[in-house]
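Engineer: What follows is a single structure, and I will ask about it in a moment.
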Amino acid sequence: MARTKQTARKSHGGKAPRTLLATKAARKSAPTTGGVKKPHRYRPGTVALREIRKYQKSTELLIRKLPFQRLVREIAQDYKTDLRFQSHAVLALQEAAEAYLVGLFEDTNLCAIHAKRVTIMPKDVQLARRIRGERA
């Protein structure tokens with residue numbers, strides 16, 4: 001089909017029929033009176049990707065300090081009672097634990113991707129630990 005040059009045309013104004021304007025106005029006003037505006041929702045996966053980028057940029061500890069400290073004390077009681085911890089010792093344990101978990105989740109994600117999945121499963125964690133030689 002040949003392309004034609006568009007030229008400006010002068011509009012020949014005139015009044016639109018009253019019935020058409022009335023129906024347009026009725027259509028515009030109808031949904032606003034009875035309808036409640038739905039809250040905005042992002043598409044599935046958008047927020048997850050945003051969180052991934054946020055946590056990959058950050059360096060702060062992700063596990064809360066007090067619950068981790070209680071866990072350390074609870075585990076330490078099995079070996080020796082009345083143990084005391086310096087605050088720096090608990091922080092060092094937390095840094096090491098989080099570094100280990102991040103690495104484990106990276107390997108777990110690779111196992112899931114290898115299985116042509118995007119969701120990690122317990123079997124991926126088990127495989128990652130088995131390959132690392134942590135659990136025979």
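Glycine is no exception: its Cβ is also placed from the backbone N, Cα and C atoms.
The following feature annotations were taken from Swiss-Prot:
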COMPBIAS  1-15  compositional bias 'Basic residues'
MOD_RES   Lys5  N6,N6,N6-trimethyllysine
MOD_RES   Lys5  N6,N6-dimethyllysine
MOD_RES   Lys10  N6-acetyllysine
MOD_RES   Lys10  N6,N6,N6-trimethyllysine
MOD_RES   Ser11  phosphoserine
MOD_RES   Lys15  N6-acetyllysine
MOD_RES   Lys24  N6-methyllysine
MOD_RES   Lys28  N6-methyllysine
MOD_RES   Lys28  N6,N6-dimethyllysine
MOD_RES   Lys28  N6,N6,N6-trimethyllysine
MOD_RES   Ser29  phosphoserine
MOD_RES   Lys37  N6,N6,N6-trimethyllysine
REGION    1-42  region 'Disordered'
Engineer: Between Lys37 (N6,N6,N6-trimethyllysine) and Lys5 (N6,N6,N6-trimethyllysine), how far is it from one CA atom to the other, in Å?
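Structural biologist: Here the two Cα atoms are 44 Å apart.
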Engineer: In DSSP terms, helix, strand or coil for Lys37 (N6,N6,N6-trimethyllysine)?
Structural biologist: coil
